[in-house]
Amino acid sequence: MSALGIITLPEPNFFNFLALVSAVEEINNSSELLPNITLGFHIYDPKNQPFLTFMSALGIFSGMATGIPNYRCKSSATLAAVIEGLPSELSIQLSNVFRIYHYPQLHRYLKKVHFKNVLGEEMFFDENGNLPTDYDIKNLVFLPNRTVNHNMIGHYNSHAPPGQDFIIHEKKIVWESSITQTPPQSKCSTSCLPGSRKLTSREKPVCCYDCIPCPDGEMSNQTDMDNCIECPDDQWSNENRDACIPKVMDFLSSEESLGIAFTSTTVSFTFITAVILGIFIHYRDTPIVKANNRDLSYLLLISLMLCFLCSLVFIGHPEDVTCVVRQSAFGITFSISLSSILAKTVTVVIAFQTTKPGSRFRKWMGSRVSNSIVIFCSLVQTLICAVWLGTAPPFPYRNMHSETGTILVECNEGSIVAFYCVLGFLGFLAGISFIVAFLARNLPDSFNEAKYITFSMLVFCSVWISFIPTYLSTKGKYMVAVEIFAIQASSTGLLGCIFIPKCYIILFKPERNTRKHLTKLRESTHVHFESAP
């Protein structure tokens, strides 16, 4: 079977003719290139004229010197392909005719060609129909004697492995003396270093741009980057903005100065409270200790010790257990303290009322009323905390967006409403205790401690009223520090106002801690009260 190859050329060129003839003969004489196929050819010269181009195309399809549309003379072999080397405007016209007869260009068939030429070089075409070739890269050096040297400085191999296709030896390049920067730059701006990005302008060419630093939280680790890369949530850009580094974990640690200070004050005040409790136990049979229910004093001192100790739960890395325990422990221990103070205040009022003839309050004397007040108030606060922990318990939380470059490790309260319910109930107990103590402050009784309770409640309420706006305006470990300070300050206020005066009398004024002195003082105050208008 033979095939007919036809070529049209823009201008007669004898060397092109010879090349074509040589190529066809080599193909026909080879048993490997196109086996069982013999190529022939016709050459047409349209002389760069559109009319002759159309006539040549029709002649190709009809197989006759005179082109006849839709007619084919079978005097020659089957048309296989067309090679043309026309200018673009004529090539388009010729392609239009080829599409009518559904004939493709030659390069579609050349994709499958793969052979070695007479020099032993592999000849093939890539998937786009292009012939992969090798190129030598040369440096033209103009010498003073007006001669030119072609220095080999590299090569390009299109079918070499990646990274080895383009090789150039920069040290072998000889630049002209007029070039001030080597190698010369094909842009009007210097490269943007890592840590910055390019900022182009519509009024300037693409190669002209400004360099601006990456914003906080973003980085660029290569030169001339168009955009900065945003760091992950748990990382932040370093000072040079060329890398992302882990954010600093921030919480109230027991190893930092603030944590050490709070730990020291907690241990100190707990020890002082324990000493006062020991004093009261040692002098438990003296009149000043027995006054106003000795058992309530013990309970109040123990609860104040727990109040001081519960502040330790707020120090350290927040964990599941500590987040759940700390607010509940704070709320319950303080409710025990405040309910004990309320019970003490009510005891003062009942004790005075029983001194009146025919008083109905005699049946309320004893520990039944005071114990009921403490148990009831503590159970209410316990119920609030139980509902809180059962519905929306606190949990550890990493706040990554509140502070730049820092992760605030804190406890999310779960339900802010429940948290303020706990504080609100403590405020309710403190308010009731303050009102009752204030009304009973002038009662004529030798063991009346209502004045001290009034002042202690005033200190307590002042601390926690100032706590709320301060707590809401701080974040992270400083928010925890504010709450610890409020716990310790209010506990210290209760301890100092109620028990320090009694300890002073017990230790330094023992003559005033006798039944005879208290009886004399009771009579004088009672007479003064009776004679008052």
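Just so you know, the numbers here start at 1 and follow the chain as drawn.
Placed from the backbone N, Cα and C atoms, the Cβ positions cover glycine too.
Residues annotated as domain 'G-protein coupled receptors family 3 profile' in TrEMBL: 258-522.
Per TrEMBL, transmembrane segment is recorded for 258-283 (among others). Outside the transmembrane segment (258-283) by six or more residues, the chain places 252, 289, 294, 297-298, 301-302, 304-305, 308-309, 311-312, 315-316, 477, 481, 484-485, 488, 491-492, 495, 499, 502-503, 506-507, 513 with a CB less than 8 A from a CB of the stretch.
Residues annotated as transmembrane segment in TrEMBL: 295-317 (among others).
Annotation comment: TrEMBL describes 329-352 (among others) as transmembrane segment. Remote same-chain partners of the transmembrane segment (329-352), defined as residues 6 or more beyond its termini with a Cβ less than 8 Å from a stretch Cβ, comprise 292-293, 296-297, 299-300, 303-304, 306-307, 310-311, 313, 361, 364-365, 369-371, 373-374, 376-378, 380-382, 384-385, 422-423, 425-426, 429-430, 432-433, 436-437, 439-440, 443-445, 447-450, 453, 456-457, 460, 483, 487, 490-491, 494, 498.
Nonlocal intrachain contacts for the transmembrane segment (373-397), taken as residues 6+ away from its ends with a CB within less than 8 angstroms of a stretch CB, comprise 296, 299, 318-320, 323-324, 326-328, 331-332, 335-336, 338-340, 342-343, 346, 409-415, 418-419, 421-422, 425-426, 429. Annotation source TrEMBL lists transmembrane segment at 373-397 (among others).
Look at TrEMBL and you will find 417-440 (among others) tagged as transmembrane segment. Nonlocal intrachain contacts for the transmembrane segment (417-440), taken as residues 6+ away from its ends with a CB within less than 8 angstroms of a stretch CB, comprise 327, 330-331, 334-335, 338-339, 341-342, 345-346, 348-349, 352, 377, 380-381, 384-385, 387-388, 391-392, 448, 450-451, 453-454, 457-458, 460-461, 464, 468.
For 452-472 (among others), the entry in TrEMBL reads transmembrane segment.
The feature transmembrane segment is assigned by TrEMBL to 484-507 (among others).
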